[in-house]
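Undergrad: Structure in structure tokens, see below.
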Amino acid sequence: MKKVFVKTYGCQMNEYDSDKMVDVLNASQGLEPTDNVEDADVILFNTCSVREKAQEKVFSELGRMKALKAVKPDLVIGVGGCVASQEGASIVSRAPYVDVVFGPQTLHRLPDLIARRQRTGQSQVDISFPEIEKFDHLPPARVEGPSAFVSIMEGCSKYCSYCVVPYTRGEEVSRPFEDVLAEVAGLAEQGVREVTLLGQNVNAYRGAMGGTSEIADFALLIEYVAEIPGIERIRYTTSHPKEFTSRLVELYGRCDKLVNHLHLPVQHASDRVLMAMKRGYSVLEYKSIIRRLRMLRPDMSMSSDFIVGFPGETDADFDKLMALIEEVGYDTSFSFIFSPRPGTPAANLHDDTPHEVKLRRLQHLQATIEENVQRISRNMVGSVQRILVEGPSRKDPTELHGRTENNRVVNFALPGVPQAQRDRMIGQMVDVSITQAFPHSLRGEIVVRQ
């Protein structure tokens, strides 16, 4: 049986796309996924261009594949994702042994690209932006576990000054309303209990409602997803403060299936820096969203993205960012030092802050966030958490593990419970009393209801 190996870089959108690459090749050619690159007949790199030196990391990986290709001449090597969109045919120029180059919107064409490569002997490049076409050509998802991602839109139209995403993934395009609901319903029928709705700016969703001129916004989509039998939890990422409507805020007051956690990237807490970033909101507007959410859910868990060392960032600007972090009490974050991306407006900004200063700021920010994370975990001891059981514990297969609404892994034992009964609990929602907090997980005991 032929096998495909996929290495994924970057965001959850890329993770979703990688799963779809496997689904497409399985449905068309019977390829099965493998974790061993040396066993693969097809090797795909799903790339990300958000961080610095992304291109060089890709070519470094490709260089290691050259020897493997020499031993296995029929091996197919492909490069997809955002670096593929940026570099296109130049990837083949630098690495002639690459067989196919494809963008995020053309992954569904992989079987045809591979077939043309094998037929013609010529490397194939397709980095076009066909609007939403790929979703019409994807096979049904192969479910693994009780949680699943569902992409509801593609691209970004915000054009933040530092970001390459609009150039690599295209403008915002929403999937039709009924298509999203049909995919979620299909997943629920296969045992999925938790869906994560995905988009570059997921709350900018504007989906056409079949046969009418009406458009469904993100809040309406969530309401309908919540009505699908079997779906018990709804997450989404990534949201944009500029698109966080009052309708979406109000939904947290009446939709229990929306988890009590939100990832809402702020990037910075200086209005001057936010303006230079072209984010489209002020710090006050951002804090207003959190204030209104916590009026409805006082213990709402928050996470965010932060960029440290944006050109012109002063000590006073950074102090404002740290003040916001302390005020909100973020529970995890994705934080980075600014790296200029070629072709973006911010790449041309004057930057006179020494790298050592930026690094020191980042370390201070990350240490503060980590203190918040540990404090929140310790405060969960003694509470009863509703968790979705995902499967056996990684360290002890006789135990089970699941996740809380704020994404904590919880391990728990079931002494005296037969294996068959434990297996039936996978995919179920259970109450667990938290007894211990560790740096990266929690431990608890299942609560038996009388």
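Just so you know, glycine gets a Cβ as well, placed from its N, Cα and C.
Relevant sequence annotations retrieved from Swiss-Prot are reproduced here:
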type	residues	note
DOMAIN	2-119	domain 'MTTase N-terminal'
BINDING	CYS11, CYS48, CYS82	[4Fe-4S] cluster 1 binding site
DOMAIN	142-375	domain 'Radical SAM core'
BINDING	CYS156, CYS160, CYS163	[4Fe-4S] cluster 2 binding site
DOMAIN	378-448	domain 'TRAM'
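In terms of burial and nearby residues, how do these features look in this structure?
TA: The Cβ of CYS11 ([4Fe-4S] cluster 1 binding site) has CYS48, VAL50, THR238 as same-chain neighbours under 8 Å, each 6 or more residues away in sequence.
In the three-state DSSP reading, CYS156 ([4Fe-4S] cluster 2 binding site) counts as coil.
Each residue in the domain 'TRAM' (378-448) has a pLDDT score, and their mean in this model is 92.
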Undergrad: Counting all other Cβ atoms within 10 Å across every protein chain shown, which of the binding-site residues CYS82, CYS160, CYS163 scores highest?
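TA: Result of the Cβ crowding comparison: CYS82.
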Undergrad: Cβ-Cβ under 8 Å from CYS156 ([4Fe-4S] cluster 2 binding site), same chain, 6 or more residues apart: which ones?
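TA: When sequence neighbours closer than 6 are ignored, CYS156 ([4Fe-4S] cluster 2 binding site) has CYS163, VAL165, PRO166, ARG169, GLU171, GLU172, GLN200, ASN201 within Cβ distance under 8 Å.
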Undergrad: To the nearest Å, how far is the Cα of CYS160 ([4Fe-4S] cluster 2 binding site) from the Cα of CYS82 ([4Fe-4S] cluster 1 binding site)?
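TA: Their Cα atoms are separated by 16 Å.
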Undergrad: For the domain 'TRAM' (378-448), how many residues does DSSP put in helix, in strand and in coil?
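TA: Across the domain 'TRAM' (378-448), the residues distribute as 10 helix, 32 strand, 29 coil.
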